[in-house]
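To keep things clear, I will list the structure first and then write my remarks on it.
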Amino acid sequence: MSTTTVPELKQISREEAMRLGPGWSHSCHAMLYAANPGQLFGRIPMRFSVLMQMRFDGLLGFPGGFVDRRFWSLEDGLNRVLGLGLGGLRLTEADYLSSHLTEGPHRVVAHLYARQLTLEQLHAVEISAVHSRDHGLEVLGLVRVPLYTQKDRVGGFPNFLSNAFVSTAKYQLLFALKVLNMMPSEKLAEALASATEKQKKALEKLLPPSS
């Protein structure tokens, strides 16, 4: 199977991001993950559990949102949003992972934070999220990312990548999995290629045959 190159966005440092002018908006999101020694069906290693969420608009993304830099630091703004969607979890500058400039007409710098939890702590976050203020409103539920690929080369991570993601969320997921050494680059590219091929075939089925 041919592979697809993992897409890249322009990465800048936190310091560079802080020097951007008032014409830029800042979004802050958190990737919470835990090592998972479990096996699916007793034979497929789970390796890690990563949390994402289904949003009100039907798109997948990481917990977080926009931060108004006039009133909040990045971390304070992020924690404020997380409190509405997850509960009492608080991240710090030590959890900062990356900043990327988004493509398109809107000038947005996307900041990603990542924290490794124990599997028990991750499960506690899932339980807490159900009782948060935004559950069932802006947040429709947390999901765990399947970081495995089944024998058909589509089930698992490739199928997950075939979903619709908000803004830079899909790229941030791929970037974090790579830089945190959670999945080799070639495996990421293979999964992305399988997802792209699946989407292409689905689109071909919807389009009328050319005369």
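Glycine is no exception: its Cβ is also placed from the backbone N, Cα and C atoms.
Swiss-Prot annotations:
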- LYS10: ubiquitin cross-link (CROSSLNK)
- LYS151: ubiquitin cross-link (CROSSLNK)
- 118-205: region 'Interaction with PXN' (REGION)
- LYS10: site 'Required for interaction with TP53BP1' (SITE)
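Taking DSSP states H, G and I as helix and E and B as strand, the region 'Interaction with PXN' (118-205) has 49 helix, 11 strand, 28 coil.
When the Cα atoms are compared, LYS151 (ubiquitin cross-link) and LYS10 (ubiquitin cross-link) turn out to be 34 Å apart. With a 10 A radius on its CB, LYS151 (ubiquitin cross-link) counts 8 other CB atoms from all the protein chains. DSSP assigns LYS10 (ubiquitin cross-link) to a strand segment in the three-state reduction. Every protein chain shown contributes to the tally, and the Cβ of LYS10 (ubiquitin cross-link) ends up with 10 other Cβ atoms within 10 Å.
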